[in-house]
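Taking it in order: structure first as structure tokens, then the write-up.
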Amino acid sequence: MRPPAIAAAAGFRLRCGALTYVDAMRSMFQLRKTLTSLALAIALGGVATSAMAADSQGRYLPKGFGLDRCKDFSAAAKQGEEKVLPIASWLNGYITAFNTFNNDVYDVAPWQREGVLLSIIAGYCDTHAEEPLATVAQKLMASFMPTRLSNLSQPIEAKSGDQTVRVFPEVLKQAQDALIKEGMLTGTSDGSFGPKTKTAFESFQAKAGIKKSGLPDQETLFRLFADVSAPTGAPPAAGTSGNAGGKSGAN
């Protein structure tokens, strides 16, 4: 059974290009100031985790920060960026291992950057103080599985004015599907970025009350995938789905 997509939070600052850890931490603290009940209801508690290697009784030994509990994460976050940096590094290692040892997974978090991931965990930990971080991370990965990137593909550049966002075509296709469900885009999702998709993003951003960049930036994807249920099945292999370049496409 595929778990539902994780819900998202509000207020994430637009950032283009690669994030440094410090940038990610700053974004996290900015986001935490405006976390809503939507963020706190990220549904991790109801997510069925995917099968993982363990002993005959389903037990395994976490390492490092995986042994810490949510209350330890919350305490570190209150102390400032420097205290959270090592946890961010541990989380990236967890994601790398997940990508390595799970079939049909190239990247389980193809658009979620460190600030987004840590903000989601922070919101969850506010109400689950005793839960081990290893368990939280496992549930987080299970929640992301429906929108994972199954195969390697080259990101495309979505441009609006002097701003550019790099995004995988499959992620953009999923965003187009969500915009179609919202009634803001017509045609067939194709993973291409063009005037119609840009206008649809602007319409969604206006509705959500966020900056009208017209781009699939972090805050926009965060909000969009929270408003519309993500696909329940595995996403098609990158580069083989959609209607790229076709006249009936949504780009």
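Using the three backbone atoms N, Cα and C, a Cβ is placed for every residue, glycine included.
These features come from TrEMBL:
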COMPBIAS  232-241  compositional bias 'Low complexity'
COMPBIAS  242-251  compositional bias 'Gly residues'
DOMAIN    172-221  domain 'Peptidoglycan binding-like'
REGION    232-251  region 'Disordered'
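Here the domain 'Peptidoglycan binding-like' (172-221) has a mean pLDDT of 95 out of 100. Residue counts for the domain 'Peptidoglycan binding-like' (172-221) under DSSP, split into helix (H, G, I), strand (E, B) and coil, are 28 helix, 1 strand, 21 coil.
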